[in-house]
Amino acid sequence: MRVCILGGGTAGWMTAAALSKKLKNIINSITLVESDTISTVGVGEATLPHIRLFNEGLGIDESAFMKQTEATYKLGIEFCDWGRLGDSYVHPFGDFGQTINGIAFYQHLLKLTKHGDYGVLNDYAFGIVAAKNNKFQLPKDGKSPLQQAFGYAYQFDAGLYAKFLSGFAQNNGVRRIEGIVVDTLIDKSSGDVTAITLDDGQQISADLFIDCSGFRGVLIEQTLQSGYQDWSQWLPCNRAVAVPCERHGPLSPYTRATARQAGWQWRIPLQHRTGNGHVYWDEFISEDEATSVLLKNLDGPALSEPKQLYFKTGRRNHFWKNNVVAIGLAGGFLEPLESTSIHLIQEGITNLLELFPHESPSPSANTLDKAEYNARMALQFERVRDFLLLHYVATKRDDSEMWRYFSNMTLPDSLQEKIDYWLHRGYVQRYEFGSFLPPSWIAVMLGQNLRPQHYDPRVDNYNFVELKQQAQAMRTDIANGVNQAKNHADFLVAIGAASNSQLIRAKS
Ligand SMILES: Cc1cc2nc3c(=O)[nH]c(=O)nc-3n(C[C@H](O)[C@H](O)[C@H](O)COP(=O)(O)OP(=O)(O)OC[C@H]3O[C@@H](n4cnc5c(N)ncnc54)[C@H](O)[C@@H]3O)c2cc1C
């Protein structure tokens, strides 16, 4: 089995690193082709906690990786101005409070808030309270179950991550070739790609091609014409302008997404700079205006010229077609509101590892593997799409054309059912394949004021005085834990993930 990966962005090098480590005994050779003249997309800084499993699977040391990628910890995303102008909440990685009498805590809080001021959901998550105080500690260092009940991810420079993994993969035997693909050779009877031709005339043949060529989709689309499901009617933002700026103030261990009139703006603090971008719908705002909104809302001076990006949200009809598997932007793109793209790359890789074709696959087995792979990835994409769309529709905002568009939208059935069930009963329907578990849905729904008609009636079986005491005890436990946790910047220095001099400004 010879594998050729086309593209050396985050997707290409993550795939190369994983395949070279995990399929050593199955793959004879892995070649990765990338072009220095075709740049990578150059954005993509916030991640989901699952990436820790990916790194751990490769045996990567956390602090070494963080130091080389200028990484910070991420405890969640703060959403500002989404439910209403002036609102803010954090979607953390983990659950809220502690189950009481076998019933999730948010159900008890729904009752409590009917009877007075017992705080909001955010007060009952260690990760959120730590984030808002710019503190960090590892879950295992928490002194109580509540102080351990959170997850974390990273904010990093994706270009440096790709470089880091490139070294890892090449040490594991991956051959890197520099060149531009100008042609592909196809086997007429099967329709498979047999080789790619580079601009210097070199031909690279392989049994399996992995298309990580970004939005171009050189093999999956330009050659095999997989087709694209356009989801712009649900996620219509189609452009972004990105710019890094100088970092000022404390180093926050969370990403911020602020809703704007025709889109939203991200802020992602890294060790050496803060990443910023304005994702927008060009129907309602010009490139100049969108850039001006972005530049007006930076923490510090811009460090480069703003970069414009164009995209169409959706996914390929087939992620795996013939002997080509598309991973990364080549497979599809959903806007970066919940930092899901690198995670979807990881999903693509994990599923490929599980369903990797054996040396002599029978044609039928191979067809079954492809069908399974495509079905799994399609579900992943659809479920992320629904979750992103929830942010736009669970809102009272109607102060611009874009927000009015969302208030009149017909939702995908899958999302409409989920919202209906939540309003009816206060429960989140579960699913098997999907990146966001019920606490994530609850964080956004309650964070954006989508309250169910009633709390779980079984909550009334529990003594109300005891409930109030327990809620207070939880908040005290979390506050105590956060008080004892280290400042985020100090924590990075303490574990050797950053140097003191570099972060000195973080404490100003
Ligand atoms: C505005 C925006 C914000 C984002 N923010 C986030 C985020 O916060 N978190 C997150 O997880 N994701 C984010 N993403 C997505 C993330 O950037 C990508 O998923 C990730 O970088 C992977 O990109 P890629 O490797 O698929 O493609 P690219 O980075 O575009 O790489 C493509 C590669 O293919 C090569 N190539 C292309 N054509 C040829 C050819 N003909 N011959 C040879 N080589 C070729 C190029 O040289 C390059 O190496 C964001 C995306 C956008 C657009």
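Quick reminder: no glycine exception, Cβ is built from N, Cα and C everywhere.
TrEMBL annotations:
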ACT_SITE  K74  active site
BINDING   G8, G9, T10, A11, V181, L329, I342  FAD binding site
BINDING   K74  7-chloro-L-tryptophan binding site
BINDING   E338  L-tryptophan binding site
Residues near G9 (FAD binding site) in space but at least six apart in sequence (CB under 8 A): E34, T40, V41, A158, A162, C212, G214, G328, L329
Packing count at I342 (FAD binding site) (other Cβ atoms within 10 Å of its Cβ): 26
Position of peak Cβ density within 10 Å, selected from the binding-site residues A11, V181, L329: A11
Entries of A11, K74, E338, I342 (recorded positions) sitting next to ligand 1, with Cβ under 6 Å as the cut-off: A11, I342
Pairwise CA distance, A11 (FAD binding site) versus the residue listed as 'L-tryptophan binding site', rounded so that it is a whole Å: 18
Cα-Cα distance linking the residue listed as 'active site' and I342 (FAD binding site), given in Å to the nearest integer: 15
Cα distance (Å, whole number) from the residue listed as 'L-tryptophan binding site' to V181 (FAD binding site): 33
Nearest recorded site to K74 (active site) by CA-CA distance, among binding-site residues G8, T10, E338: E338
Where the record names G8, G9, T10, A11, V181, L329, I342 as binding FAD, the maximum Cα to Cα distance in Å: 24
Among G8, T10, K74, E338, which are recorded positions, the residue with the most C-beta atoms within 10 angstroms of its C-beta: K74
Separation of alpha carbons, E338 (L-tryptophan binding site) and T10 (FAD binding site) (Å): 17
